[in-house]
Amino acid sequence: MMESGVPYCSTCGEPVGFVSGGEEKEVFVACHGCGYPLCKACLEDEMRDGRTSCLRCDEPYRHVLDKAHEDPDDVGETAPIEDHTSMHQGNRFHARSTSSFSAVGSEILSESGNPVWKDRVQSWKEKKKSTKKAPKKAEKAEIPVEQQQFDEKELTDTREPLSRVIPISKNKLTPYRAIIILRLIILGLFFHYRITNPVHSAYGLWLTSIICEIWFAFSWVLDQFPKWCPINREAYIDRLAARYERDGDGSALAAVDFFVSTVDPLKEPPLITANTVLSILSVDYPVDKVSCYVSDDGAAMLTFEALAETAEFARKWVPFCKKFSIEPRAPEFYFSQRIDYLKDKVQPSFVKERRAMKRDYEEYKVRINALVAKAQKTPDEGWIMQDGTSWPGNNTRDHPGMIQVFLGQTGAHDIDGNELPRLVYVSREKRPGYPHHKKAGAMNALVRVSAILTNAPFILNLDCDHYVNNSKAVREGMCFLMDPAVGKDVCYVQFPQRFDGIDKSDRYANRNIVFFDVNMKGLDGIQGPVYVGTGCMFNRQALYGYGPPSLPALPKSSFCSWCCGCCCCCSGPKEEKKSENEIYRESRREDLNAAIFNLHEISNYDEYERSMLISKMSFEKTFGLSSVFIESTLMENGGVPESANPSTLIKEAIHVISCGYEEKTEWGKEIGWIYGSVTEDILSGFKMHCRGWRSIYCMPTRPAFKGSAPINLSDRLHQVLRWALGSVEIFLSRHCPLWYGYGGGRLKWLQRLAYINTIVYPFTSLPLIAYCSLPAICLLTGKFIIPTLSNMASVYFLGLFLSIIVTSVLELRWSGIGIEDWWRNEQFWVIGGVSAHLFAVFQGILKMIAGLDTNFTVTAKASDDGDFGELYVFKWTTVLIPPTTILVLNLVGVVAGFSDALNSGYEAWGPLFGKVFFSMWVIMHLYPFLKGLMGRQNRTPTIVILWSVLLASVFSLLWVKIDPFISNTEGQESKGCLDFDC
């Protein structure tokens, strides 16, 4: 029986087993030097083949076998699980069912009933044994030395790890950590000086600055310390192929279900979605292991028809991509590349076939454009399909569920007669009165549909505008998910986001280089990167709320007592019953952040106890009323359940996307994509990490996926507003990392700091706006937030300034990013903080208190053509008012400050320097915003100027009238002078 915590053999994937160690059994250890996981059977084969030392540390195995031979009955492998609910536990692969949806087991097990991988390894070893039994002279004559070395290398590759961690050099990391600690000390001394030396003449300004600076220091700690132990990773796709793919044998790679989500084809062009689908269908991966599910949450016939055209074009495009190994495999972006497309191409027919394919693609684009043009105006009677029937989705808010399998089920092949990956169109049912939860609800519907039809053990989700840029990206991810030493506890592999169509200077930090190349590497060294919504490969079991295999197993005695207590069959006293329940809760799940169920503990019980456990866990209340779907959730390695009837699978898939299916279940609460925030990605990843899973950050040399990003100012701020609003919603919910998920103790503290930072950063907008307004106020009033500096105070200020610079330089050094990317990130932190983040805070608070869902709409006002023409498009939005006002105030303040200094004489120039430096710091950070307002021809909409001048004038008049920062003593002295006529 499977025991929790037993490592898996690096060669065959089976548990290593146990060896007697007195009264209790101990886990079998092949190498005491490094603990390299190897079962006894594979160890004996190693010894027979002449390899007497560990592959990892080179320590001899001999002492282990001597101990094993003393008592051979005490060493053995774990027994396989026979129950269908946890079949194929030892295999980390999955074979997708054929077009009839029924052939599952035939691809997973061999004729002998053993796992395919195990039989294949055994056949290699037998081949080696037969070679060794032959006489040495004959062996040399039959097999060349080069062939022997090649076979030895292949067998070694199957035992080597599929990935490795590359630590950051100590020469780079040690100074970085030292300066962080030094900066903390300097911060403490700085705040001691600032608090103990108030400015009585401008007490309000001083107090405001102190509060802002304390909050900035807190935000810096939240952002800095999760980057304490950054790492890099490297994947070995050649070893993956050597282990799971051999010539003459079927591929044992795990299947992958791709999810693509779209809503409105008029805002998300069908051609872009089609390119994403085409890039998925042509990935470098076994076609029988790839399925693509497209979610059309707008139920648009345009999307349906465009997908039908795409399926037809894929019959030509997919074989072309694989024949010539082109990159990227999205035709729009491949044909638009400004590179030498003949580089590395040696086949004479390439030029001719490329020209023909480009012509076919242009004809395909014309057909798609014709569909888009036809869809611009909806007919009064609604859309009519080609067979004359009305389109079911004419009412986008009231329509039935729709599923159409375009490729895969009917045996569709490409023009060369080869099988194509499966392509499925899905539009979930929508009815008035039922919540749909936007993207999160659509993704959960795809999880259930894919579980019914293909049930691949891994899921990769992409936005409709993110295409596969690296055809081997799936293999890169599989190097982590299918690695026996790493993948067992990995909930997802996150790839960085990369973008096309961004101007070279990246004026508004659209690439997010600092986040993806610095922060995410830091998180990878703790418990893993956060989920960012796209370009992510999931372990399906993690989405179901199951815990990782490393979770502690439930003691059988505790389970039996619990079941007996629940069934009122236990006659013990109440105190003892309560104590046993407490032991159960402590050993398993202590609060809602824990896993719903651990599949590995099911093997500890017989058939009756298993049925009792499943009954007690209330699977129907958790997953919904679908026996086929529930059975699929218990298949850890995927595959369609054998009990499923192929003729009813589509009907069952329609059932699981009905609008009422999720009622009174755990969907969106504990399983699947979590509801309650517009940024469901952060929330869903947070729940998985709370259950004890870890995630992996994979950065291939060639970017795995590429997408498009809004490059004009208004759209960029609107995007940031949506992200910040989601963070505020999480902060105001029960899932807030400040108080959620402490019971299980599975979320590491630095990881929690990172999640806290993701939900509190919008609130930085409040002190940031106040702090950016202080320079203008100081220049207009002649006051300042800092008293006359002493020598020691100057040292504190200089030390803090230098520590900030050195920290940034050392961070650039170990991360490898450029100084321009770092500066753009700093600038947009201020721009977004004083605009979008501020509106997100107020919108989130209004939504919680009054239930008001305020939307800040964006409407176009002007545009320009040419390269990066969208960069200069200006769209009016209220988000632009606060930063414009701050910019105008600081510019006016600088002018007023110099004017006052000119009138006051030489003594006023010294204090002016600090105030102007402070104000110029604000203006420099807002400079990209100023360029965005001016546009290409320095044009600013009148509405912006009117609002800004009006607000600046009002604040100035109020200041002259009230002047709140002048102390009472000054006023009394001034009044006294007037009385004595002095």
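Cβ coordinates are placed from backbone N, Cα and C, and glycine is handled just like the others.
Checking the ranges 120-143, 144-167 against TrEMBL, the region 'Disordered' annotation falls on 120-143. The UDP-alpha-D-glucose site is set by SER261, LYS267, GLU268, ASP297, LYS438; from the centre of their CB atoms, other residues of the chain with a CB within 8 Å are THR262, VAL263, ASP264, GLY298, LYS439, ALA442, CYS464. Ranked by Cβ pairs under 8 Å to the transmembrane segment (908-930), the stretches 173-191, 203-222, 759-781, 793-816, 828-850 are led by 759-781.
With SER261, LYS267, GLU268, ASP297, LYS438 listed as the residues that bind UDP-alpha-D-glucose, the site has a largest C-alpha separation of 16 Å. Within the set of binding-site residues (LYS267, LYS438), the lowest number of other Cβ atoms found within 10 Å of a Cβ is recorded at LYS267. Each of the binding-site residues GLU268, ASP297 was scored by the number of other CB atoms within 10 A of its CB, and the lowest score belongs to GLU268. Cβ neighbour count for SER261 (UDP-alpha-D-glucose binding site): 24 (other Cβ atoms within 10 Å of its Cβ, all protein chains included). The highest tally of CB pairs under 8 A with the transmembrane segment (759-781), across 173-191, 793-816, 828-850, is held by 828-850. For the transmembrane segment (173-191), same-chain residues at least 6 beyond its ends with a Cβ under 8 Å from one of its own Cβ atoms are 167, 213-214, 217, 224-225, 228-230, 796-797, 799-800, 803-804, 806-807, 810-811, 813-814.
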